[in-house]
Structure formats: structure tokens, C-alpha cells
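**Student:** Questions regarding the structure given below will be posed in turn.
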Amino acid sequence: MDDIHDFDTIDVELDAYFKKKQASRCKDEFLNILCEEDDYEAVDDAQTENDAQTGNDTQTGITKEESDEDYLEGSNEEGSDEEFEYSTHNPKVKWNKMRPMLGERYESPHELKLCLTNYAVSKGFQIRFKKCDSVRLVAICGSDPEKCPFVVRASWMTTERSFQVKKMIDIHKCVRNFNNSRLMDPTWLARKFVKELIRKPNLKCKEMQVIIQSKFHCKISWSKCYRSRMRALSLIHGNLNDHYARVWDYGHELLRSNPDSTVRITVNVNPDNTTTFHRFYICFKAIREGWKRACRRVIGLDGSFLKGQCKGELLTAIGRDANNQVYPIAWAVVDVENKNNWKWFLDLVNDDLGLQGGKGVCVISDQHKGLVEASKDILPYVEHRQ
């Protein structure tokens, strides 16, 4: 046992360990011998592992410090070959948290311009877009460009298909001015009031002025608030031109939800094979059957102008129910109120209601020339009161 273990080679920590063990010896000599043998075996295993590790380093001629330096150098060389990836702008960030960064990429110059506008309004600084087109954008200080070093330069990256900020000095030496009415155009304000108008559709322009002054610290004219409100409503409800472009889908949906109803759509074909809306007629089955069974045989005919983005005329046929209340029968949207459109409308009403030329039916209308002549042609037996 003494020949195998050389206690002179044990370091200070192991020597202190054995001194602690000797202090904790018990009176039973047999148990002390067993505990000492277990301790010797643990020390031998640790010493053998240290010798093996030292021998491997000695054989290769590399110390621990040299191997660590080589590893760090290798990792740096591998990292130097990798290209640095710039961040991409996230348009979903809250408007007052947006901040342009050097090297940041944008999908279009419009997106970068919107980010700079949000940043300037939130920080209270004036900026002016010196150049802004499809390939480059230059923004400088709008208050004092000669003394204030603020500048942002960006250009279009053809290979990356993105708009990237190439130079940015985010230092303002000018006085903060929250009167950024030039930057806050109707389109920018409309985006900020979409949720507010959804919650409160009858929001007035004077109320918008108060909200803008308290939220953005800026005074806006009543006319700009009016334009902003109209654009926000357009974003909510959509454009009427887009609505008319889907008139066929609307007609199919009406027939799907109201079977056996009458829906007629006519269009004009242009020389370039495109189509333009002409006329649209609707008469629901439930209304038609209700008039036949329970309403008075009195029909009121009239036309009304449509005001707004898309002009036209609204032709209506109105009845009276048993309770002497207004009962809509059929209606149509046409381009103009004339004899041709009234004949087309009355012909469809005659077929839906089964008027048989107007026998036993009274029609009340104004003295519109086209309506009177169309009524004589389509409903010759009707009693026409004007």
C-alpha cells in the first residue's frame, strides 16, 4: 500500500483533505482502514486523469493557453467570412416608437418617408424632404438646415430590392417645434383616426381638432380635418369605384341569400373590351309576395339623384301596406332618368308583380315626361294620378 501511493506528490488541497480525514477518525480500526482505502482510490483516479491530460498536451506540444488562443482566432476568422445582415423595418411598430436607423431596409421610399414623419412628429422636430423619388430620398432639418446637422440619405438597392438608409446624422441643434402641420397631411391624419371613427362614426371636425392638439401638440385647420375625416371614412368603407367593380359578386350573393329574387345587371362594353356599369335592378321574393297578398294595389313611382363620388339616379317603386305604411317594392340604379330607363324598370316591375298591363292598379308619380310616356307603353290600363 505504501509503495503504490506516494504522498509527497499530493498537492496542498489533497494534504488538507487527509488532515481533515484524520481528525474525523473513529474508534473502530477496521472501519478506519476501509475508509482510508476508498479515499486512496478516489485520489488515484483524480491523479491519473490529471496525468493523462498533461501527457496529451505535452505530446502535442500545445499548452492550454496556446490552444485557447488558436480557438479564438479560428472563431474570429469564421465570423469575418460571414456578411453582416442589416435590420428590416417593421411597419407594425407603434407610430411614436418608430425611429430610422443607419443601414435599415425599407420596402419603398413611401415607407421610409412615413417612418421619418412619425419620428419627427413624435420628437417635435421639423424635417424637410429635399429629394424624394423612386431611387433616392434626402431629408434635412426643416427649421435651420444650415446650423442643424440632421440629415438622412437613402437610396434604392437593386440587388437587395429594398430602400436602405446609407447616411444618418441624428443630431438636432434647432429648437423643438411641435407645430408640424406641414408634415401632418390629410393622408397621415386619416390613418391615425381610422380606429376613432370606427368607434365613433359621427366624430365632428372640431372634436378632431381638439384631439390633434392634445395628442400631437399641433393646430390643424378645419378644412384639413374635414379632408382627413373623408379619407379615413374611405379607408373604412372602401372606395365606391371598387364597390361598383364587384357588382357581379354582389348580385350573386343576393341570389344566394334570397332565392327566387329578381336581380338584373346591365353593363356597357367599351372599345377596349372593358365594361362600365349601366343599370342595376333588385326585387326580393319576400317583398314581392308580400305586396301580392296583403298590400293595397297602389304604387308610387319616383326618381332621385345620387350624390357622392359616383353619380346616377335611383328609381323606386313604393307601395302601401294594410297599416297604411310605406312598403318598398323594387328599386334600380341607372345612369340617368329618361324614358328608356323607365320603360326598362316598369317592364321588370310588371313581370315581378304580375300587373297584366295595370288592370286594377293605381300609379302615383310626378309629371316627369319620360315616366309618363313609359307608363303609357308598359301599363296602358293603369290609373295614373299625377
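Using N, Cα and C of the backbone, Cβ positions are placed for all residues, glycine too.
Unlike curated records, TrEMBL annotations are generated automatically.
Pulled from TrEMBL, these are the listed features:
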type	residues	note
COMPBIAS	49-62	compositional bias 'Polar residues'
COMPBIAS	66-85	compositional bias 'Acidic residues'
DOMAIN	102-165	domain 'Transposase MuDR plant'
DOMAIN	298-385	domain 'MULE transposase'
REGION	42-87	region 'Disordered'
**Student:** By DSSP, how many residues in the domain 'MULE transposase' (298-385) are helix, how many strand, and how many coil?
**Tutor:** 25 helix, 33 strand, 30 coil
**Student:** Restricting to the domain 'Transposase MuDR plant' (102-165), what is the model's mean pLDDT?
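**Tutor:** Per the prediction, mean pLDDT sits at 87 for the domain 'Transposase MuDR plant' (102-165).
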